[in-house]
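Q: Okay, handing you the structure first.
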Amino acid sequence: MDATPPPPRSVLEAPDIARVLTRIAHEIVERAKGADDVVLLGIPTRGVHLAHRLAAKLHDITGGPVPVGSLDITMYRDDLRLRPARALARTEIPAEGVDDRLVVLVDDVLFSGRTIRAALDALGDLGRPRAVQLAVLVDRGHRRLPIRADYVGKNLPTSLREAVRVQLAEEDGRDGVLLGRREPAAEG
Amino acid sequence: MKHHLISAADLTRDDAVMVLDTAQELARLADRPIKKLPTLRGRTVVNLFFEDSTRTRISFEAAAKRLSADVINFSAKGSSVSKGESLKDTALTLEAMGADAVVIRHHDSGAPHRLATSGWIGGSVVNAGDGTHEHPTQALLDAFTLRHRLAGSGDGVGRDLTGRHITIVGDILHSRVARSNVLLLTTLGAEVTVVAPPTLIPIGAEGWPCTVSYDLDAVLPKTDAVMMLRVQRERMTAAYFPTEREYARRYGLNGDRMATMPEHAVVLHPGPMNRGMEITAEVADSPRCTAVEQVTNGVSVRMAVLYLLLGGAPAGPAPTPASGTATTAAAAGTATTATTAPGAAGEAEENQ
């Protein structure tokens, strides 16, 4: 599907993703000394599914409910003018709100950091969290902004000519992370 | 989506659904502490209103401001237009000031089309109502209201209006709202019926993608929504019906008539309402009447339109032939705003 010459190489399989998410959930609980005031906000599309999975795991660990929502960053992007106007995804803030909470942003791939910059701006318009942390499934490097993740599923050294593709059962029918050749038009 | 929004016919089904979905998401902004998005920061939207309008202008102004655009309101009264400036010179002035979008309302059908296709300005043109021609954002907000109200559970995101029966009642002849709605609702898959006395049905309506009826009572029982239009006395130059009382009795919506509609059916009105004429107070104040909701939805829909036109990359060379008409434009440049601009897309109305 991706590039034809070398087929994409699988980096994480379904069981790896499950283990990684379990570890991140434990790390969140450890860092936050419980997860009482944690709110998980996924960045559409795949970040939202990851946030829901993390919430389920946090619930298994702490027993308490973990509010989970989604945060669309389209209107805050810095590259809007570079492409035709795009469709918006859903922003769903849990009823508890984000004020004085520990917000953990969840995304699939951390790359330039621009998405997270936009997410921080979007979050600022929604309330004033006690703190904001970032959890990503894959950190592929090549940061363009002073942003780092607090919880990383897998550090994946990549070249700029490569593309990282995260597949999740909710969206793609299967779990997996693929590393392949980057298509000319695509961007991570 | 095209570079301009002149007619509801400019929108494909996918374009229209995209506008409605975007509006649906933007509507949620109203619940947030900061009802503003930074998306159009540094862009300028000019509201160019040659005809009085409060709600449409305020709606566009609120929409642009919520997207952080700078808004310049330009109304014909008290401006250089009242000193005899032509549409062309007004347009060149706006272009010189760097307008990224011009929202135009004009008493002449076709003025927005002229503005968009003459090469006078580079920005997007949004038709906010021209004469008796079109009012596409009103049709979009009506479609948005319909989809939301008729969706049942969920908010209808991604869906169109396939299979819905929608009836438009009243002064079809003078109504730009009716024209835009017939086009848009049909694009969205709905079956549209227009109902009016024969004198208020325009010549050529048989070519529209809708059914024409003169009998309101026959249509109501199988309609999912009825849209009541105001009788536009200010545009009437002849006696189109004997008395207002007779019109109200045959084509006005009262409680008894509303009761013959299906349980889920809703009543739309673009405003301003003439209570007692096309709609009784009982209907206007009932929960089935969406007039107030339509105003709220108008802001969301106009935000969506402005975002989709201005938010992305510049459309490059516009699909409309902007160049090449420069010479004819110059020749026609003497046309003052008092002259009727050529009607758009063969829809020239007999706007007497």
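Placed from the backbone N, Cα and C atoms, the Cβ positions cover glycine too.
Below, the features straight out of TrEMBL:
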type: BINDING; residues: B:Arg55, B:Thr56, B:Arg105, B:His135, B:Gln138, B:Gly271, B:Pro272; note: carbamoyl phosphate binding site
type: BINDING; residues: B:Lys83, B:Arg176, B:Arg230; note: L-aspartate binding site
type: COMPBIAS; residues: B:321-346; note: compositional bias 'Low complexity'
type: DOMAIN; residues: B:4-147; note: domain 'Aspartate/ornithine carbamoyltransferase carbamoyl-P binding'
type: DOMAIN; residues: B:163-309; note: domain 'Aspartate/ornithine carbamoyltransferase Asp/Orn-binding'
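Tell me what's around each of these sites.
A: Under DSSP, B:His135 (carbamoyl phosphate binding site) is assigned to coil, being neither helix nor strand in the three-state scheme.
For B:Lys83 (L-aspartate binding site), no same-chain residue lying six or more positions away in sequence has a CB closer than 8 A to its CB.
Broken down with DSSP, the domain 'Aspartate/ornithine carbamoyltransferase Asp/Orn-binding' (B:163-309) shows 64 helix, 24 strand, 59 coil.
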Q: Per the record, carbamoyl phosphate is bound by B:Arg55, B:Thr56, B:Arg105, B:His135, B:Gln138, B:Gly271, B:Pro272: how many Å separate the farthest pair of Cα atoms?
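A: Greatest Cα separation within the listed binding residues comes to 16 Å.
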Q: Considering only CB atoms and a limit under 8 Å, which binding-site residues from B:Arg55, B:Lys83, B:His135, B:Arg176, B:Gly271 lie near chain A?
A: none
Q: State which of the following binding-site residues has the fewest other Cβ atoms within 10 Å around its Cβ: B:Arg55, B:Arg105, B:His135, B:Arg176, B:Arg230.
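A: Per-residue Cβ counts within 10 Å for the binding-site residues B:Arg55, B:Arg105, B:His135, B:Arg176, B:Arg230 bottom out at B:Arg55.
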Q: Based on Cα coordinates, which of the following binding-site residues are within 10 Å of B:Arg176 (L-aspartate binding site): B:Arg55, B:Thr56, B:His135, B:Gln138, B:Gly271?
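A: Of everything listed, what lies within 10 Å of B:Arg176 (L-aspartate binding site) (Cα to Cα) is B:His135, B:Gln138.
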Q: Counting across all protein chains present, how many other Cβ atoms fall within 10 Å of the Cβ of B:Gly271 (carbamoyl phosphate binding site)?
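A: Around the Cβ of B:Gly271 (carbamoyl phosphate binding site), 16 other Cβ atoms lie within 10 Å.
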Q: Could you tell me the maximum Cα-Cα distance in Å between the residues recorded as binding L-aspartate, namely B:Lys83, B:Arg176, B:Arg230, rounded to a whole number?
A: 32
